[in-house]
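Novice: Pasting in a structure now, in structure tokens, and then I'll have a few things to ask.
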């Protein structure tokens with residue numbers, strides 16, 4: 001068994017399942033904290049199932065109990081270890097499916113994607129939410145672009161492959177343009193703060 005402790009949850013990886021339990025926050029009022037953890041856990045499970053119905057490979061949710069989700073374990077390789085233009089193109093296709101279903105993943109990075117049996121599985125929907133607006137979709141895409149830039153020398157080719165897949169699957173050109181605008185905003189802030 002492997003145990004990972006993140007800012008929001010403890011994740012136990014067992015032989016066939018993954019058990020994700022949201023951690024209580026001591027700084028919150030106890031009743032409020034419990035309510036938030038229950039609501040967020042239920043919402044995450046609902047979003048995982050909605051993503052799966054939209055045609056995006058995700059772990060199957062097996063059980064939801066209070067602040068804990070039990071889901072299928074996906075065996076495969078982290079996308080960060082097998083990244084290629086084809087893989088990034090497929091990530092773009094799946095991101096478009098999420099967005100067309102009104103789902104914002106919130107953390108599309110190679111660490112939260114698993115390649116298994118030639119399919120890209122999206123995992124860790126802890127920051128996900130439902131929204132149909134261009135801005136959060138643009139942020140979703142921007143997060144992926146930034147993760148590519150931080151991890152891969154050929155990030156521009158990987159970004160372009162993602163865009164190809166995203167648009168081919170019916171993703172909006174406006175979302176891609178918004179992701180580019182968000183990047184420019186960041187550059188402007190950097191120049192102003194340095195300057």
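Yeah, the Cβs are placed from backbone N, Cα and C, and that goes for glycine too.
As annotated in Swiss-Prot:
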type: DOMAIN; residues: 1-195; note: domain 'Protein kinase'
type: BINDING; residues: 12; note: ATP binding site
type: ACT_SITE; residues: 107; note: active site, proton acceptor
Novice: What whole-number Å value do you get for the CA-CA distance of residue 12 (ATP binding site) and residue 107 (active site, proton acceptor)?
Specialist: 20
Novice: Determine the Cβ neighbour count for residue 107 (active site, proton acceptor): the number of other Cβ atoms within 10 Å of its Cβ.
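Specialist: Excluding its own Cβ, the number within 10 Å is 18.
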Novice: Tell me, how many other CB atoms lie within 10 A of the CB of residue 12 (ATP binding site), whichever protein chain they belong to?
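Specialist: A count of 15.
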